[in-house]
Every structure is written in C-alpha cells, then in structure tokens.
Amino acid sequence: YSCNMAEFIVKDEVRKSYNKNPGIAAGLVRMHFHDCFIRGCDASVLLDSSPSNTAEKDSPANKPSLRGFEVIDNAKAKLEEVCKGIVSCADIVAFAARDSVELAGGLGYDVPAGRRDGKISLASDTRTELPPPTFNVNQLTQLFARKGLTQEEMVTLSGAHTIGRSHCSAFSSRLYNFSTTSRQDPSLHPSYAAILKSQCPQGNTNPNLVVPMDPSSPGTADVGQTS
C-alpha cells in the first residue's frame, strides 16, 4: 500500500517492451527464476561485476543469454519518480515475470510485495544452484528439493518453457554422439529429433542458432503439446 501504482507502472513498462519484442516475456520469466534460485528472490541477478568479483549476470549461465535488464531499469526509474526508495528491484523482477506470463496468454497470479534487495552476487553460485540443461528428471527433482520444492512444483515451474527459445548448443549432445551405444538420445521422439537435427546441424559453430521451446505455439503460455 506504500506505492499503490507500483504494479501498474511495472506492467506498463513490460507491455511496451513486449509490444516491440514478444520474446522479452520469456527473458523476464527466466530472469526471475535465475534470480530466485540463488540466495532467494533478491534481485542479485541485476548487480554488476566489480574488479574484485564476477557477478551472477556475467556467468556463462546468464551471459549473453539473459535479457530484459533494460525493462527492469526503466520500471525502476519510473517508480523512483513516483515512490522514491519504496519499491525494491526484487519486487519489480517478480512483477515483471508475472506480467510477462499474462501478456503471453497465460494465467495471472497474485504477487505479494515486500522483498528486499540483496547485496551479494557471485557468478560461482550459478554453477551449483542453477539446473543445467543436461539434468535428467531425477537430478532436477533433487535440485528443486534442496529449495524446498516438490517434484510436482518442479514440473509446474519447468512449464515456463512453453515460451521462449533454446540455443542448439544446450541440447545438441542429445542429437549426436549421445553415448557409446546410441548416437541419439533414445528418450527423444524420433520425428521430433529429426526436426531438431534439421534446425541444428551437426558441427554447427553458430552460437546464436536457436529453436523454439514449443514448436506449436512458441510465443503463447499454454498447455499445448509439442509435435
């Protein structure tokens, strides 16, 4: 109640960016997740590196793939004009993620406010706290359990991948030379694997080559299945 226009201001900034680039929705959702999984939802992912410390945002897990920082900066600047020193960056990141889901066609949800911004940001934390793309279900379940989350909650949160894109480099190991007994990950549906191979050729060296997470509706937060 100390800044009753806060959520409207944040949503307005998210909407303006979304209208220019709908892909920003996935970026802001990912930013919130990468923030919360390290030291809690404290906006530590926004902190810059210093000569003596490499911050989270500059770790391989976040740079250069994490995006949307300018949306948070713009929202913070507008809020400082209206409610100086009241709304934390951590709350802005949480609001922006929720607004992104709504704008992408997903369900809205209440976001309680009152988070405080953290002052510690270590790139080394990303190596132990964030789930790598190579983790299987059991590994993901264990990692989320360390955060007090159930397997069902892990699956629900993983559903955020209904929007956004993935770099080929994140999963190419499942398409080529998967193991000594199988060139391709046998758990991948053969026809889907064939599509991915056509989009991510073996030996590709382009680090910017990406494919949609959900081929049937890459920009919509829905429950539609992939092919």
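Numbers run from 1 along the shown chain.
Note: Cβ is positioned from N, Cα and C throughout, glycine not excepted.
Noted from TrEMBL: CYS36 is disulfide-bonded to CYS41, selected from CYS3, CYS41.
Cβ neighbours within 10 Å of CYS3 (disulfide bond), excluding its own Cβ and spanning all shown chains: 16.
Note on proximity: of the recorded positions HIS34, ASP42, SER44, HIS161, ASP222, the one nearest CYS3 (disulfide bond) is ASP42, by Cα distance. Nearest Cα neighbour of THR162 (Ca(2+) 2 binding site) among the listed recorded positions (HIS34, CYS83, CYS200): HIS34.
Here the Cβ of ARG30 (site 'Transition state stabilizer') has 22 other Cβ atoms within 10 Å, regardless of which shown protein chain they belong to.
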